[in-house]
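A short write-up of the structure that comes next.
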Amino acid sequence: MTRGLVFFVSTACGILADQLSKFIITANLATGTSIPESGFFQIVHVHNTGAAFSIFRGHIEWLIAASVLGVILAMTAFFIRKKLPFLDTRPGLIALGVILAGTVGNLIDRVRLGYVTDFIRVGDFPTFNIADSCLTVGVIGLLLLYIVSSHVSGDTSENV
């Protein structure tokens, strides 16, 4: 599989997993209810009109604009990946692909519904969804790849 295809497949799989999971939750669990009713891990159907941790709640236009900017940045990174060696690898392109998937997954909800469907609750952490997980895992993955590639290439620019 070519590297470009790796990027697009990881993006498509992330979007599909996100949208399918939200469809299943919406079709089977009334808003505000959870399974189980209490406990450390719950599946709970909530509508989030904000971003992570519900910040910028009610500012859908800003969140849509930020998401569109995120899509543009991810696509730009894909097209200039040859200049970023840590990114022009299968793991780098998978990480970038799931970042794009998370951005697009939540953007679809915001444009279509005016809110994002969240449904995973772990402990006291704010409720989130597959798109949020894609974004988090992708960003952490890219950071780790960058750190490792900097050490492997002998980059000592931080000592200058």
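Our numbering is plain: 1 for the first residue shown, then up by one each step along the chain.
Each residue, glycine too, has its Cβ placed from N, Cα and C.
What Swiss-Prot says about this protein:
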- 60-80: transmembrane segment (TRANSMEM)
- 84-104: transmembrane segment (TRANSMEM)
- ASP118: active site (ACT_SITE)
- 128-148: transmembrane segment (TRANSMEM)
- ASP132: active site (ACT_SITE)
Positions whose Cβ lies under 8 angstroms from the transmembrane segment (128-148), at least six residues beyond its ends:
14, 17-18, 21-22, 52, 86-87, 89, 91-92, 94-99, 101-106, 109, 116-120
Roughly how many angstrom lie between the C-alpha atoms of ASP132 (active site) and ASP118 (active site)?
9
C-beta crowding around ASP132 (active site), within 10 angstroms:
21
Residues with Cβ closer than 8 Å to the Cβ of ASP118 (active site), same chain and 6+ apart in sequence?
VAL44, VAL46, HIS47, ASN48, PRO126, THR127, PHE128, ASN129, ASP132
